[in-house]
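Taken from TrEMBL as is:
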DOMAIN    300-335  domain 'EF-hand'
DOMAIN    349-371  domain 'EF-hand'
REGION    1-32  region 'Disordered'
TRANSMEM  96-113  transmembrane segment
TRANSMEM  145-163  transmembrane segment
TRANSMEM  183-207  transmembrane segment
TRANSMEM  219-242  transmembrane segment
Amino acid sequence: PHEARAFAPARIHTHHHQQLVTSQRQRQRHTNAKVLAKSTKRTTRLHAVDNEPPPPPSINFQQIRRLCFNQALVGYSIWTGGQGARVLSSEAHFDIPYVYLIGILGVLPLILLSRQIETSESPIVANLNLSTNMLVLRLFGAKQLPIVGFGISALLAGLTGIVEETIFRGEALPGLASWSKVTLGAGENGIFIGAILSTMLFAILHVNPKSFISGKEAIVDAGVLFGLQLCTGGTFCLLYLVTRDLAVPIVAHTLYDLYTFYGTHLEVSSQLEYADAQAILPQGTTTTIESKWRKERGDEFIESTKQCFYLMDTNRDGVLTRSELRVGMYSFGIRLSEVESERVTQGADIDESGAIDFDEFLEFVGPEGSTSKAIKGSLLGAEL
């Protein structure tokens, strides 16, 4: 996702996004407390340990205003009656009802793709998912705001959809098509060459070029992001070519970004609230194992370990599956293979139920005092 460009789809789409990937990669090398830094009630204290500012507890209006200003700047010709305004006026027909139906149907495959990425345990998309969550957390804060969050998400998504589709589909595509006809002698195929080139341009401009000189991991992230932008940009382009109505990709793009921002906000804030609630349960619910480790390591260790556990418990059934543990470990900078995650799960699963409950998790991390150290020790077969 950006300071001078739109948010682009696929839950991973701006220059801010690339900056967050880098900062996230650095944060991933920290200890358990760093993962827990998303909490609203304990965020300040946990970040103080690492000497880093906590994410904002509420909506970051300054950053939202900056993003809106950047959108307005990029699409200045739209608002000033220039070429962008003429293209939008002549090519987009929002008064025709079918454009909304086609836009909705057209965006569904992208939303399904996005869901697959969000729920994937593949390490290839780990940094992208984490940085997207951090971006939305920094924009909206940790508290769930259904009405205000929807309004702001709709504003950002609408601006992005109008600006990007006007520029890439309304202006760049026909311009590149004309260029290919004149320069390459493409003839009737010019429109297809223009579509391919404008889609590639769309994808390229949503990838930070510095990623390609920042190491292997950054190159992989940039490559995945580029591929996803080709999918999203290609979908919007196809919708435009089929309907020849710029309103259709604008509607699809807006809905996709709305899903990205608002859906992520609801998901992340809800998970944080769940983890917070579980972390501060009254001591009347304390088990014998929890009492043992509370006495040995203190209340703060139990509280942060609970929060870590329940942040990873994404289906909120009170236990961690192998898949949840593997995905959660990405936040520690630990990339377990499927075999390794199975080995760690078996090592922590005392009752051999196939999942890890909190008491088992506490017994697993308690001796080391750190989830990352416990897992590394389990894999190496030695105490770190």
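Glycine too: its Cβ is placed from the backbone N, Cα and C atoms.
A TrEMBL annotation is a machine prediction, not a hand-curated record.
Three or more CB pairs closer than 8 A are found between the transmembrane segment (219-242) and the transmembrane segment (96-113), so contact between the two stretches is assigned (pairs 6 or more residues apart). With DSSP states grouped into helix (H, G, I), strand (E, B) and coil, the domain 'EF-hand' (300-335) comes out at 24 helix, 2 strand, 10 coil.
Listed by sequence, the residues of this chain that lie at least six past the ends of the transmembrane segment (96-113) yet keep a Cβ under 8 A from its Cβ atoms are 9-10, 228, 231-232, 235, 238-239, 243, 245, 247-253, 255-256, 259.
For the domain 'EF-hand' (349-371), the DSSP counts in helix, strand and coil order read 9 helix, 2 strand, 12 coil. The list of residues near the domain 'EF-hand' (349-371) in space but at least 6 beyond its ends in sequence, with Cβ under 8 angstroms from a Cβ of it, reads 31-32, 287, 289-290, 293, 296-297, 301-302, 305-306, 308-309, 318-321, 325, 329, 332, 377-378, 383-384.
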